[in-house]
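Record features (Swiss-Prot):
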type	residues	note
BINDING	ARG48, ARG54	NADP(+) binding site
BINDING	ARG131, SER132, SER133, ASN243, ALA244, GLY288, LYS303, PRO304, THR305, SER306, SER307, ARG329	FMN binding site
Amino acid sequence: MSHNTFGHLFRVTTWGESHGPALGCVVDGCPPGIRFTLAEVQAWLDKRKPGQSRFVTQRREDDLVKVLSGVMLDDDGETMISTGTPISMMIENTDQRSKDYSEIAKRYRPGHADYTYDAKYGIRDYRGGGRSSARETAARVAAGAIARKVVPGLVVRGALVQIGKHRIDRSNWDWAEVNNNPFFAPDPAIVPVWEEYLDGIRKAGSSIGAVVEVVAEGVPAGIGAPIYAKLDQDIAANLMSINAVKGVEIGNGFAAAEISGEENADEMRIGAQGEPVFLSNNAGGILGGIATGQPVVARFAIKPTSSILTERRSIDSDGKEVDVRTKGRHDPCVGIRAVPIGEAMLACAIADHYLRDRGQTGRLK
């Protein structure tokens, strides 16, 4: 299997499977002198890990990360300092139940990558989906923790803005609420609605889709590139690579098709300190593939997981027609735990473009 690496200067390679002994990543291209602690990396992994509420998979993984290379300890015994060599991180799997998947060893789950992996490689890891499992994304979150440290002043946040047909009220948006509920919802009023709705989905053994919004603040104006190396192009690619993602938009995205040029264009004025000021941010912080200095805003849509208890029609690898129902432990809405994953992938794209701009223009420190 190829294509396990993304990025240009800030390059991330992930490895491992859902039911293997461990998984992890290698971050290559991180500049020397980047300071971070194991606790900081662990905090982001804790945000993504399973089993934290009844609304996510009950697989119990502590997701304890180990840093194996690419750093030296500071005198305080806690702070790690990057050396400029590859940073390797590992997370052990401890709660696999491969027997739960024995019934689908030859059967293709409708809506899952079972068939396409078999079509491409002639073999597939049916135990939890192997590399196609969202378990792989734990390694991306670890890499994203490093990426956040590369760009000075960068703040990346995410929130769940829609589950099924139930959307947040954007006038209630409060970042302080995101970590106060099991959905990473910025609107406290939507929480009881989602709780009741997802309880019904969960008890029925079904699943539902969602929309996640990620925002990066402190992105330097000018990073990115035109035409074939656009910042938004790479952000979209990173987000699209996340399991179950079926659509990505930047700024007002598809809503731009419904408004006029007068409404869509972000007008400008000169600020109190002589700096350029935008009067809106329909562009989502990117114009012509290059950052404007405004917050970078992206959203991505996530399909319902195909691992459900309802029987669905399918075929098996012997060419027989079968009915498939998936046992095991699964998220009724994978969009919840996709929030920190989206944050990590956005951070990695921005860190990569920051280093590329610094190498090309020399204007960034």
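Quick reminder: no glycine exception, Cβ is built from N, Cα and C everywhere.
Of all the Cβ atoms in the protein chains shown, 25 others lie within 10 Å of the Cβ of ARG48 (NADP(+) binding site).
Look at ALA244 (FMN binding site): DSSP puts it in coil.
Minimal Cβ crowding within 10 Å, among the binding-site residues ARG54, ARG131, LYS303, is found at ARG54. Here the candidates are the binding-site residues SER133, LYS303, SER307. The one whose C-alpha lies nearest to that of ARG54 (NADP(+) binding site) is SER307. Distance from the CA of ARG48 (NADP(+) binding site) to the CA of THR305 (FMN binding site) is 17 Å. Between SER307 (FMN binding site) and ARG48 (NADP(+) binding site), the C-alpha separation comes to 19 Å. Every protein chain shown contributes to the tally, and the Cβ of ALA244 (FMN binding site) ends up with 22 other Cβ atoms within 10 Å.
Sequence-distant contacts of SER133 (FMN binding site), defined as residues of its own chain at least six apart whose C-beta falls under 8 angstroms from its C-beta, comprise GLU17, SER18, ASN243. All protein chains considered, the CB of THR305 (FMN binding site) has 24 other CB atoms within 10 Å. When the Cα atoms are compared, ALA244 (FMN binding site) and ARG48 (NADP(+) binding site) turn out to be 16 Å apart.
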